[in-house]
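Colleague: After the structure tokens below, expect a handful of questions from me.
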Amino acid sequence: ADCRYTCHQECCSLIQLDCRRPCQSQLSPESTLLPPCSQNVTQTVEEEKREPLTVQEIKQKIEKYNTKVTNCLLMKLNDDGTYTGFIKVHLKLRRPVTVPAGIRPQSIYDALKEVNLADMTDKRTSFYLPLDAVKQLHISSTTTVSEVIQGLLKKFMVVDNPQKFALFKEMRKDGQVLFQKLPLTEYPLYLRLLAGPNTDVLSFVLKENETGEVEWDAFSIPELQNFLMILDKEEKEKIQQVQRKYEKFKQRLQQTLKEARGKPG
């Protein structure tokens, strides 16, 4: 507060100052460009090694889970030890997806007959899915992340390669929103069971798969051209943001120098 020392919020606990005041991060124009801790952070967390639950333990957890459910979306234990339940997936896609052109939405009849409407035309078009759209899925304890991604794409009639997308689990800790990418072999319903029905503790998010190696062969030429246009727009916006930031800092610096003229020292 006195010396105007500026640091990243994550570094506060590591800073020692002679003024004996607690370090307070002040994100002024001269501070770092890194986002503050309050924003979303994607972390790569080592997969926890879990011991498989017994049928009795699963039964107890399901009973405890169902006592906390308030929307009738209960889990059900089957005779073979597997169980079924519901998960909600938030779609946070920043780039357009590819869908068949001129195809009506899938009906219940189509879903029951497993009709793939995308195969009925070769025409394609791109559009943005509504930001933070939510889709509820009824899945089994044997349903993997890979199958959840494919199921979501099928419901929205998206014909893009599933490898372009990844399923994340969203957690809140110490004021931060943390995202952890789930391996394709993970079982989302098992994670839901362990976390309980409260989506503030754990929720699932479908995002672009940008944390791994991009397989550009999976994209068509129009898609790649689309990405170039989007990246060019994002680059220009970032440049303007940085320019505005340091223009403001320049004005403040000039004002400070003007006020300091004529003063001793």
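Placed from the backbone N, Cα and C atoms, the Cβ positions cover glycine too.
TrEMBL does not curate its annotations; it predicts them automatically.
TrEMBL lists these features:
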DOMAIN    125-211  domain 'Ras-associating'
DOMAIN    213-260  domain 'SARAH'
COILED    232-259  coiled coil
Colleague: Taking only the residues in the coiled coil (232-259), give me the average pLDDT of this model.
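Modeller: Across the coiled coil (232-259), the average pLDDT comes out at 90.
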Colleague: Please count the residues of the domain 'SARAH' (213-260) that DSSP assigns to helix (H, G, I), strand (E, B) and coil.
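Modeller: Per-class counts: 43 helix, 0 strand, 5 coil.
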